[in-house]
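Worksheet for the structure shown next.
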Amino acid sequence: KFEFNPKDGIDNPALTLTEDTDAEAVGEPRFYLLTKASTESFGFCLHEELSCRGHVIRQIELGGVAQRRGLQDGDRLLQVNGHFVDHMDHQRVVQRIKASGNQVLLAVLDGDSYEAAKSLGRDLSQMLPADIHPRLCHITRDKSGFGFSVSGPEGTKGTFQLSVRQDGPADRAGVPAGSWLLELNGDSVKSYSHTQLTKKLKQSGDKVTLLVASSAVEEFYRLRGLRVTAALADPSWLPFRARQLHILKGPAGYGFLLKEDDCSQGGIGQFLWDVDVGLPAEQAGMREGDRVLAVNGESIEGLDHEQTVQRIRAHDDRVTLLVIDPAGDEFYHSVGCGDPAWCCP
């Protein structure tokens, strides 16, 4: 800031420079893509503390995934997989991380910067990129093809940009013109030549699922040395959706049974069976074979059968279930998404 002292006269102004330290007090958010084995943890705990605002990173495991990537004790968590979480209930944020499976993208701010930003009244969401999500698109071929063409530097593997025919299948499936192709049917194209990619497309039959990213999104990950994965994708254009069932108990109960069983993609799941015709569950849209993802807005990731039943019985006369049918469940697994509870809008 420049200040002029009128007492010194026109010919001899006193010009002083004072630093605006407000901006300097607030650092930039940092991004970490944590990948672990199924038997590992991410190597940190998320705390809610009376003496600190926000979701606080604590208990960073020595030599663990978080420490190796660079997370610091006292960091505040701002984003999980591109979703702003600073305003969310603490337990729901923990569930989002758990539901990410073996990979999660975190955006954090160091503790001093977080407190400074809060004291200055800064909108923390404005410190983050508007959109860092790649896009998953499921395309059904018509008589003229999939409606896109692929180009790339001659002799270079894995670099493919898409031209999209207006109003064609790819356009209707949400593929942005000029986007970069990252995965085909759940497999990375990084090692593919143009000939190999063309062959894979022909082998896909009438349907193909693409993971694509705009130039801005691709640049965001590349500049930070991060790998783009389907678990981070916006699935809004996909034909598969989780369904929310609001069920009010009747005189004969809800009208369904819950059974624990193996998931087709591995692990244990809680499934809905013996849905009684005409009772509340069927009237709410429940179908046999649906897998339960969440109960009353909370993911059941990691819960066993008895714990899930207790969640359902927590309210005497009503329950809200988030469920997905077997076809949708299998699809999300095949393209590498995390828990459909968070994938599906």
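Just so it is clear, glycine is given a Cβ too, placed from its N, Cα and C backbone atoms.
As annotated by TrEMBL, domain 'PDZ' applies to 31-112, 136-216, 244-327.
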Please work out the helix, strand and coil residue numbers for the domain 'PDZ' (244-327) from the DSSP assignment. 14 helix, 33 strand, 37 coil
Could you put numbers on the helix, strand and coil content of the domain 'PDZ' (136-216), residue by residue per DSSP? 16 helix, 29 strand, 36 coil
Taking DSSP H, G, I as helix and E, B as strand, the domain 'PDZ' (31-112) contains 16 helix, 25 strand, 41 coil
